[in-house]
Amino acid sequence: MSDKQLALVIDLNVCVGCHACVTSCKEWNTSGWAGPLTDLSPYGGDPKGVFFNRVQTFECGTFPNTETVHFPKSCLHCEEPPCVPVCPTGASYKRESDGIVLVDYDKCIGCKYCSWSCPYGAREFDEVQGVMKKCTLCVDRIYDTSIPEDRRKPACVLACPPSARIFGDIKDPESEASKAIRENAGFQLMPEWGTQPANHYLPRRKTAMRLHEDELVRADNPLKLEAELPKPAFSSPTVDEMSSW
Amino acid sequence: MRPAFSVLFLTTLIGAGQGLLIALVTGQWYFVIGTGAAHETGKFYGIGAAVSVALLAAGLVASIFHLANPQRGWRAATRWRTSWLSREVIVLPAVMGLAFLYGVTHWFDFNPVLYTFGNQKSLDLTMSVGFLAAGAAGLLFICTGMIYACVKFIREWGSFWTVINYTLMGLSSGFVLAAAYTGASGSPLFGLLAGLGLILTGLGLATKLFHLWRNTRLKPKSTMKSAIGIHHQQIRQVTQGFLGSSFNTTEFVAPGGADAVRALNLAGLLAGFVLPILLLALGWSHGEPPLLWIAVAIQYVGLLAERWAFFAGGNHVQNLYYQRMA
């Protein structure tokens, strides 16, 4: 395995479920030179289309003790991708240089076998072009030197209004992504399959304020602050054995 | 899962073709190791092998309809080191080629003795090609079965019973076809192949029932908890994120739902196994070869239903993420 693994770290505590990453992803990836992410009857009764990224919403707990979790889902760029070895043509591959899992649209025969071998449902078939599609981590953007350096990030990361998405190399311990995983208990989805997803999620964190009684009533009355300090008794111990203050 | 008709036809047609080929080779071998002087003509094996090649070719044509970009289909032979699908793509033409050779050498009686054993039995060319062809057909059963058995995210498929079942069904349909063929041509092999057909169909029924029973007792390996990593006992999807449909909501669900799967499983068990066993036993004991052709036809339809139910009965892990539109 290479020593670089690009990935997304998604903070479930921050995501508000606005779908800005979904639309931004679709906009960038449908306009690229790799061809459109086709839609079937987009304005009809049952629109069907290809997306690399979806935001789902879950309700956890039982009423009234429930919480809503917005859950963005895209290809996790597994370090042990089960979709890659099953591909009969080699169209599905994982890049040695940066760990991105990609589909070579010129080699894909559209047998859909890779989608059966993904537990996350991250791959979506393009019925018009007849090839399997999936998140590319905006590979046509992150290495584009004609874009200012701070903008060389996946479209979803740039679009996220509350910055719930962090992009970086999770094999580099000093990267923002690695630090976020390390310091905020980042976790992987469905670890039981041994796929080692590179994308991590940061858990929901309840930020509760704990108040103590003595924090509500001030012990030192601020109204007396301007008053003179109390004068100690003449016989009280002193700092220099000469004066009492 | 949504069953693809191209794959249903592929698996049933090539299964019968491979089974027929193995049945022919078994028949020839039976004569070779036997003590009697009975044997079959080259034309008999030639026609049988031609039917086998035709079935395999029809399956290959059906599989092409499964590909969205068949013009690049040749690429599918490149990843045989890791992909069972790629291995199938290589072994299928190999079986077809060997079956063709088997038929041609028999048809033209091109049959030099290759080796004579100490007991005066000899290994001739057609028998050697037959062994190779039967071996390749057996390998193809494993390749095709493993394509489904290695999908661990569909727990109903991810079992070696998938391979055993598929192999037995292919053998069964091939031997029933061979029994009908030998019955119609009045071959001395009729009894052997009808008997083996009965045994294989019975075995297929038993393992199929066991596989169905096993699938009712599966425990899901993934839960909503591990799917989204939230440690709650109660997790309910509010929305899958879109109001239309997508590849994920069409490819991974059974059309008709659990009822259709149950109905077709039952139809598959009856028409694929029980009726052929009855017809085979009747036709064999009463010497009525036409009954065997009816058995072949009914079994083919039954195995199509069985394959449909097998595919539709697979429940993929990814469905955890796609439960509610809104």
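The backbone N, Cα and C atoms fix where each Cβ goes, and this holds for glycine too.
TrEMBL annotations: computationally assigned, not manually curated.
Quick caveat, the model's predicted, so the values are computed rather than measured.
Now, the feature entries from TrEMBL:
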type	residues	note
DOMAIN	A:6-36	domain '4Fe-4S ferredoxin-type'
DOMAIN	A:66-97	domain '4Fe-4S ferredoxin-type'
DOMAIN	A:99-128	domain '4Fe-4S ferredoxin-type'
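Averaged across the domain '4Fe-4S ferredoxin-type' (A:66-97), the predicted model reaches a pLDDT of 96. Secondary structure of the domain '4Fe-4S ferredoxin-type' (A:6-36) per DSSP (helix as H, G, I; strand as E, B; remaining residues coil): 11 helix, 6 strand, 14 coil.
Counting same-chain residues at least six beyond the ends of the domain '4Fe-4S ferredoxin-type' (A:66-97), those with a Cβ under 8 angstroms from any Cβ of the stretch are 1-2, 4-8, 10, 12, 15-17, 21-22, 25, 52-60, 103-109, 111, 113-123, 131-132, 134-135, 137, 156, 164-165, 188-189, 193-199, 204.
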